[in-house]
Amino acid sequence: MQFHTGLLLAAVLSLQLAAAQALWCHQCTGFGGCSRGSRCPRDSTHCVTTATRVLSNIENLPLVTKMCHTGCPDIPSLGLGPYVSIACCQTSLCNHD
């Protein structure tokens, strides 16, 4: 019985460690920036921030989108146009303003 208890405890601790190491990123969209941290899907490896200049925007603030992603995408893979910048990072909540 003691062996089973130890095995169960090891399994629970392993799950807690995996959850603690999960990547967290800001995931939101807003003009000029935004922040809302949340846990990423298990396969995510990067936090990504895109900034798109909207030519009709009176205040000239970029539309900022923050998300989790598998890898660091390039602009064509996201289907975005020429007025876009992308920044990627790999630590939790690293895609802050």
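For all residues, glycine too, the Cβ spot is worked out from N, Cα and C.
Which of CYS34, CYS40, CYS94 pairs with CYS68 is settled by Swiss-Prot: its disulfide partner is CYS40. Looking up CYS25 in Swiss-Prot gives a disulphide bond to a cysteine among CYS47, CYS72, CYS88, identified as CYS47. When the candidates CYS34, CYS72 are compared with Swiss-Prot, only one is recorded as disulfide-bonded to CYS88, and it is CYS72. Here CYS94 is paired by Swiss-Prot through a disulfide bond, and of CYS34, CYS89 its partner is CYS89. In the domain 'UPAR/Ly6' (23-95), helix, strand and coil residues by DSSP number 4 helix, 30 strand, 39 coil.
Of all the disulfide-bonded residues listed (CYS34, CYS40, CYS88, CYS89), CYS40 sits in the most crowded Cβ setting, with the most other Cβ atoms within 10 Å.
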